[in-house]
Amino acid sequence: MFMNRWLFSTNHKDIGTLYLLFGAWAGMVGTALSLLIRAELGQPGALLGDDQIYNVIVTAHAFVMIFFMVMPIMIGGFGNWLVPLMIGAPDMAFPRMNNMSFWLLPPSFLLLLASSMVEAGAGTGWTVYPPLAGNLAHAGASVDLTIFSLHLAGVSSILGAINFITTIINMKPPAMSQYQTPLFVWSVLITAVLLLLSLPVLAAGITMLLTDRNLNTTFFDPAGGGDPILYQHLFWFFGHPEVYILILPGFGMISHIVTYYSGKKEPFGYMGMVWAMMSIGFLGFIVWAHHMFTVGMDVDTRAYFTSATMIIAIPTGVKVFSWLATLHGGNIKWSPAMLWALGFIFLFTVGGLTGIVLANSSLDIVLHDTYYVVAHFHYVLSMGAVFAIMGGFVHWFPLFSGYMLDDTWAKIHFTIMFVGVNMTFFPQHFLGLSGMPRRYSDYPDAYTTWNTVSSMGSFISLTAVMLMVFMIWEAFASKREVAAVELTTTNIEWLHGCPPPYHTFEEPTYVVLK
């Protein structure tokens, strides 16, 4: 019975729960890796050994957080749980494929861990650039295992994307048009389209790298007429949409949370929000070379990528100001989920501002591969994506489990996390502006102060992670059941009680649209 339910599940709620659990465990692995990085950088001098092991940890940290924490939780966890409930579908369009999407992830994770255990590990950075990732600089199986890991994670995401696109377009009630679906459903749909279009390009790039390493091809080897810059173009054509894949479902969740705790029945500017997400998705595909300003592109190419990148700030601004307009005049409830959402809006905006700075190719020549870039993308990921996940988790936890988290603990947790991540990443702007380069395990003494502050901040964040584990334990131990849910009229995922029955919407829903 247990095996049938959890190994062969075709139920979107069970699979969503599996994704959430997997993402939580992977998140703890990723956090452990990040603390190793900060421990190494907490003081000048070596701690762990050589730069190879340091770079293996950095590479693993990135892959674990992106492919095994953020994507499984946002798309697999919240997506699976909420999309069918929000559109009134009985399940996903392809329930068995849904199960396969999940079960491809543990083997993929295993291959990634194996890559760091054999030989010297893959110390390439998450970009896996040749010639460093070639079979001279990285002899042995490490990089090959990493490539296979990415293949599996990629197949998992592509199958999931097909499933979500089909479900969202095809499984709404007949009376419901696409423009009446909630914003979270829209965000998952757009994310799925981005995955479907970008991942095959990554697959092509890393497969060529695999044959370069093992079958004597020369796609990226100038000696045989290849070009390492080709790899960079292929990688970043995936890599840039990927960062929007990581944040878009978060946008959807934040829209729901802000609307809910402002006491509003709908977000401000629904169509503007949809249009903004579609614009961000489209523009995300035509700005990839801003990651490559230092490889020597023509001045007109650099001018184009600079301006195209800056244009993304417009739809992003539409979203930020629409969230603020949703808050305006509302009956604001200062719940933990609302705190996460407000923290998201503020810190994501800060991360966006440093992104505008980096979009300038002339400035990026100086700031590329410094800690300024690290600070920028950790503000939008560690305080954008993660804050959205935390906000979504404390908001929908009663729906998933039927139990309530302790409000006071949840607010303390938010406060500790807020202090921790800011103390970790704000000083990195100063380090970057002072020229401290990324991906080195040691640094000149001049950089000591801010690195020490940054490392202290990371340990504050660690206490927040541990507190969250305690909070979840406390909720299941105390078993405070959900009495009543407000605003069910506009949030139909809450309509069937907490938690909802194993099968919801077994008969097609009758929808009256006003």
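Placed from the backbone N, Cα and C atoms, the Cβ positions cover glycine too.
Summarising the annotation, Swiss-Prot assigns Na(+) binding site to Glu40, Gly45, Ser441 and lists similarity to another entry as the type of evidence. For His61, His378, the entry in Swiss-Prot reads Fe(II)-heme a binding site, with the evidence type similarity to another entry. Look at Swiss-Prot and you will find His240, His290, His291 tagged as Cu cation binding site, backed by similarity to another entry. Annotated O2 binding site per Swiss-Prot: Tyr244, in sequence order, evidence recorded as similarity to another entry. Annotation source Swiss-Prot lists Mg(2+) binding site at His368, Asp369, citing similarity to another entry. Annotation comment: Swiss-Prot describes His376 as heme a3 binding site, evidence class similarity to another entry. What Swiss-Prot records for 1-11, 87-94, 171-182, 262-269, 328-335, 401-406, 479-514 is topological domain 'Mitochondrial matrix', and it gives similarity to another entry as the kind of evidence. According to Swiss-Prot, the feature topological domain 'Mitochondrial intermembrane' maps to 41-50, 118-140, 213-227, 287-298, 358-370, 434-446, an assignment based on similarity to another entry. Swiss-Prot lists 12-40, 51-86, 95-117, 141-170, 183-212, 228-261, 270-286, 299-327, 336-357, 371-400, 407-433, 447-478 with the feature transmembrane segment, giving similarity to another entry as the kind of evidence.
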Checking 12-40, 51-86, 95-117, 299-327, 407-433 against the transmembrane segment (141-170) for Cβ pairs under 8 Å, the most are found for 95-117
Output the single range from 51-86, 336-357, 447-478 maximising the number of Cβ pairs under 8 Å to the transmembrane segment (12-40).
51-86
Tell me the Cβ neighbour count for His240 (Cu cation binding site), meaning other Cβ atoms within 10 Å of its Cβ, over all protein chains shown.
23
Can you tell me the CA-to-CA distance separating His291 (Cu cation binding site) and His368 (Mg(2+) binding site), as a whole number of Å?
8
Residue distribution over DSSP helix, strand and coil in the topological domain 'Mitochondrial intermembrane' (41-50)
1 helix, 0 strand, 9 coil
Segment confidence, the topological domain 'Mitochondrial matrix' (328-335), expressed as mean pLDDT
97
Does the transmembrane segment (336-357) reach the transmembrane segment (407-433) with at least 3 CB pairs under 8 A, where each pair is 6 or more residues apart?
yes
What stretch of 51-86, 95-117, 228-261, 371-400, 407-433 shows the most Cβ pairs under 8 Å to the transmembrane segment (299-327)?
228-261
I need the CA-to-CA distance for Asp369 (Mg(2+) binding site) versus the residue listed as 'heme a3 binding site', whole Å please.
12
List of residues, in chain order, with Cβ under 8 A from that of Gly45 (Na(+) binding site) and at least 6 apart:
Asp442
Cα distance, Tyr244 (O2 binding site) to His378 (Fe(II)-heme a binding site), nearest Å?
14
Return only the integer: C-alpha distance in Å from His368 (Mg(2+) binding site) to the residue listed as 'heme a3 binding site'.
11
